[in-house]
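Quick look at what TrEMBL annotates:
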TRANSMEM  12-30  transmembrane segment
BINDING   Gly18, Asn25, Ser261, Asn293, Leu358, Asp361  Na(+) binding site
TRANSMEM  36-59  transmembrane segment
TRANSMEM  92-113  transmembrane segment
DISULFID  Cys124-Cys133  disulfide bond
TRANSMEM  176-195  transmembrane segment
TRANSMEM  215-239  transmembrane segment
TRANSMEM  254-275  transmembrane segment
TRANSMEM  287-312  transmembrane segment
TRANSMEM  332-358  transmembrane segment
TRANSMEM  390-406  transmembrane segment
TRANSMEM  418-442  transmembrane segment
TRANSMEM  462-481  transmembrane segment
TRANSMEM  501-527  transmembrane segment
Amino acid sequence: METGHWGSKAEFLLAVAGNVIGLGNVWRFPYLCYKYGGGAFLIPYLVFVVTCGVPLFLLETAMGQYTQEGGITCWHRLCPLAEGIGYAGQLILLYSCMYYIVILAWALFYLIFSFSSQLPWASCDNTWNTDDCVNLAAKNLTLNRTTLINSTPAATEFWERRVLSLSGGIEEIGKINWEILLCLIAMWVICYFCIWKGVKSTGKVVYFTATFPYVMLLVLLIRGLTLPGALQGIVFYLYPEPARLFDPQVWLEAGAQILFSYSVSVGTLTVLASYNKYNNNCYRDSLWLCVLNSCTSLVAGFAVFSVLGFMAQEQGIPIAEVAESGPGLAFIAYPQAVAMMPLPQLWAVCFFIMIILLGLDTQFVSMEAVTTSVMDLCPMILRREGRREIFILLFCLICFLGQFIMVTEGGMYVFQLFDYYACNGACVLFLSVFETLAMGWIFGAERIFDIIEDMTKSRPNYIFMLCWKYLTPLVSVVSFVCSMVEYTPLTFNRWYVYPDWAYALGWLLALSSILLVPGWALGQLFAGKGSLKQRWHHLCSPDPELPLTNKQRAEMKETTFIAEMEDLVRANIDEDENRH
């Protein structure tokens, strides 16, 4: 059954851009850059862009466009032995759908409060504040190091005591935070109506969700650069420390950032590209989208660190003490900085609208990827009229019920388990190793080159073949091993250590996707018919019904012509013999 196509080339480009440019560009890349050597961090970052990011991006886009299938069935057609990669990728995306949208619920909560006459995180006069609260936005505030250590900023108290109602640990789940739950429901409703009609609705929504964050980012960038102390923040962000290049952790973080930022190895790009027409130039698209992604990360760093530089100057403390990564940047550091500016409500509204839109299209495109991949498994049932809407509604309800625990008083601890283990960089690195081995060696890198040339009428650079066969799997496997060696157990706020059963649950979430790849391959080998060699050959052979490239057609014509000529010669010989 027909899966449909994008209404225009722009819809595809905006959908992919919306998916790959997310919260990680704003709150993870700038932090990693400052922490791991400033400008020097760009060296390992660019090495991973060239050896892993762009090659995998092009590979997955080409796979989807060529097969016109989702993240699971494309593997069934190209290399059945590696179909477990498809299932593992969709499982990681499912985990991502379950926890990522909670961030949007928090951002919506902050956005609502941004319209208050006084920002609630800019004062210590609220019911949730303690005696240790200190208002960093207050004028004529004199602070020393001892005061800061023994007090809690108003923005931190708002985040932990008002938004999260944080309990003492994962053992104390506590009651449901109804306000966050209502925000979560609102975000699920928005996501549902963004994708319920497939590419017809998704393609139209991305015109707004993928472009408007850039408007907000530009506004915040201009505002940030005009603040006192902005230059100090930018120097801190980009000041190169070449010595950090000898630290393996720097390279590991750069690799994990690229895989997450480029959204590779989980099947999202394959699904989005499957809605393209066969002759779309996916080679050029991939290169430009990768450039856009990395440039956005770099620019976002200027927007973030100019504001953090201003904040550090206002408080008279080092930037290192205000710079954070992850939710801490979006919900503590940046709101705190906004509270110190003139017209704080305006900048708070701009910032949280940007956060919501950046996260929103990443969320609904991930949902689109999972639902499309499942629907491709059962097209006769799920692609009938009206079935898609019901299936997506059920998917949203299942995810929503599964994340109920994340909007409780102990929900943040569960949220971090999913973030740290279920969607871990090591899981994605593991998938990228087997993805490149399967496509580069079993399916054949030369065959992929022929397919891309047939679709785009341009042959990719030879460096992509080197990457698919050697560099990407080698770099990924080294990074994966290093991530296992460098593993440190998850803690919260640097002081809370999880109980052993929570770590066991975290590893279970991580292994659930990793073990699917070898598990599926071994299961198929044992379940097949014939000798082991025959089963292996069958599982490594692509679907004969796949579209033929011009090169394959020419070879078939040549083979047919030679066979016909041989038959003709043989017939003439037989005729001559009969005559004699």
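The first residue you see is number 1, and the count goes up from there.
Here the Cβ of each residue, glycine as well, is placed from N, Cα and C on the backbone.
Cβ proximity to the Na(+) site centre (mean Cβ of Gly18, Asn25, Ser261, Asn293, Leu358, Asp361, cutoff 8 Å) flags the following additional same-chain residues: Ala17, Asn19, Val20, Ile21, Gly22, Leu23, Gly24, Pro213, Thr296, Thr362. A contact links the transmembrane segment (418-442) to the transmembrane segment (501-527), because at least 3 Cβ pairs that are 6 or more residues apart lie under 8 A. Long-range Cβ contacts of the transmembrane segment (462-481) within its own chain (Cβ-Cβ under 8 Å, at least 6 residues beyond either end) map to 48, 50-52, 55-56, 58-59, 251-252, 255-256, 426, 429-430, 432-433, 436-437, 439-441, 445-446, 448-449. Long-range Cβ neighbours of Leu358 (Na(+) binding site) (same chain, at least 6 residues apart, Cβ-Cβ under 8 Å): Ile21, Gly22, Leu23, Asn25, Val26, Pro213. The largest share of C-beta pairs under 8 angstroms with the transmembrane segment (36-59) comes from 254-275, of the ranges 92-113, 176-195, 254-275, 332-358. Packing around Ser261 (Na(+) binding site) is summarised by its Cβ count: 24 other Cβ atoms lie within 10 angstroms of its Cβ, all protein chains included.
Between the transmembrane segment (254-275) and the transmembrane segment (287-312), three or more CB pairs separated by 6 or more residues in sequence fall under 8 Å, so the two stretches touch. Comparing C-alpha positions, Cys124 (disulfide bond) sits nearest to Asp361 among the binding-site residues Gly18, Ser261, Asn293, Asp361. Reported as a whole number, the C-alpha separation between Cys133 (disulfide bond) and Asp361 (Na(+) binding site) equals 36 Å.
A 10 Å cutoff on Cβ-Cβ distances gives Gly18 (Na(+) binding site) a total of 27 other Cβ atoms nearby, all chains included. Around Cys124 (disulfide bond), a 10 Å sphere centred on its CB holds 18 further CB atoms from the protein chains shown. Packing against the transmembrane segment (501-527) from elsewhere in the chain are residues 80-85, 87-89, 91-92, 95, 170, 413, 417-418, 420-422, 424, 426-427, 430-431, 434, 489-490, 535-536, 539: each is 6 or more residues past its ends and has a CB under 8 Å from a CB in it. When Cβ-Cβ distances under 8 Å to the transmembrane segment (287-312) are tallied for each of 12-30, 92-113, 176-195, 332-358, the top count falls to 12-30. Proximity of Asn293 (Na(+) binding site) to non-local residues of its own chain (separation of 6 or more, Cβ distance below 8 Å) is seen for Ala17, Val20, Ile21, Asn25, Ser261, Tyr262, given in sequence order. When other Cβ atoms within 10 Å of the Cβ of Cys133 (disulfide bond) are tallied across all protein chains shown, the result is 19.
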